[in-house]
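Peer 1: As listed in TrEMBL for this protein:
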type    : residues       : note
DOMAIN  : 8-215          : domain 'HpcH/HpaI aldolase/citrate lyase'
BINDING : ARG67, GLU118  : substrate binding site
BINDING : GLU118, ASP144 : Mg(2+) binding site
Amino acid sequence: MTSPTPPRSALFVPANRPERIPKALASGADIVIVDLEDAVAPAAKPEARRALSAFLEGAPDDAIWVRINAADTNDFAEDLALCHGRSGIAGLVVPKAESADALAEAGARGVALIPLIESACGLQALPELARFPGVRQLSFGALDLGLDLGIEPGSEGGDWMLNQARYQIILQSRLAGLAPPIETVHPEFRDMGVIERAARRAVEMGFGGMLCIHPRQVAVVNDAFRPTADQLAWATRVIEAAEQDAGAGQIDGQMIDAPVMERARRLVASAERG
C-alpha cells in the first residue's frame, strides 16, 4: 500500500465506519484514505477520531492515509494530535490546502502530504504548495472548487473552467518535479461506464490516478490507468523497431524520435506494474 509508485486509485472510507477499512484495503485500491472530513458529520467527528485510533491500535502495519479536516476548522488540531507519530499512517491528505503554513503544521515530523486543491486560494498558491517539502502529489477537488467559484455543475462553461484548474494542477506538479496529480472524485457509483470515461479522460489529460468514493469504482479506475492492449502493442513495436535501427527509425510511416521512444518505454513500464 505504501509503495513509492504513484497510486492509480485512492479509495475514501469514512473514519466513523472502521469496519469498512479492511474491506477497502482488500478492494485493490493502491491507497486507502480514511476520511475525517466530508464523510463525517460535524457532531460525529470526535467519535470518528476515537474509532480511527482504535483501528490503528489493532492494525499498526496497514499504512493507511488519513484525510484530516481543513486548517481553518476546530477539528484540524485534534486530527493532527491523533495522527502525528502514529504507526499505520502513511501520510495525510490536506483538504482545501491554501498556504504553506497549513502544510507545515500537517507535515510536522516528516509525514507525507497530498494537498487537495479545492478553492481559488488553493489555485493561486499552487506553486508554493507543490514545492512544499514532504508533498508527495497534488490532488484535485472539483466539487468544492466549483462551489467556491460559483460554477454551474455539469455545464459546458463550468467544465471549461474546471479544466483550466486541471491544467494548472498538472503543470505545477510537473514544474515541481512531483508525480502526476490525482484526479477528483466522480459521484457516480452505479454506472461504471461513466467512471471509465471520466478516468480515461483523466489519463488523456495527464493525471496519474483518480480518487474513488466506492469500491466498485476501483477496478475500473485501475484498468483505465493501465495501457490498453493496442497501446502496449504499439509500444512494443516501437521499441523493437528502434533496436533494429540505431538511427531514427520509422513505424507506420511515422519517425521514431526520442519523445516517441520515451513514451513507448513509459507505456511498457506502466504495463509491467500490473
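Every residue gets a Cβ built from N, Cα and C, even glycine.
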Peer 1: Using DSSP with the three-state reduction, classify ARG67 (substrate binding site) as helix, strand or coil.
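Peer 2: For ARG67 (substrate binding site) - judged by DSSP and reduced to three states - the answer is strand.
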Peer 1: Mind looking up the mean pLDDT for the domain 'HpcH/HpaI aldolase/citrate lyase' (8-215) in the predicted model?
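Peer 2: Mean model confidence (pLDDT) across the domain 'HpcH/HpaI aldolase/citrate lyase' (8-215) is 96.
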Peer 1: Determine the most Cβ-crowded residue among the binding-site residues GLU118, ASP144, using a 10 Å radius around each Cβ and all protein chains in the structure.
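Peer 2: Most Cβ neighbours within 10 Å: GLU118.
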Peer 1: Identify, in sequence order, the residues in the chain of ARG67 (substrate binding site) that are 6 or more apart from it along the sequence and have a CB within less than 8 Å of its CB; answer 'none' if there are none.
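Peer 2: Expected: PHE12, ILE33, VAL34, ASP35, LEU36, GLU37, ASP38, LEU92, VAL93, VAL94, PRO95, LEU116.
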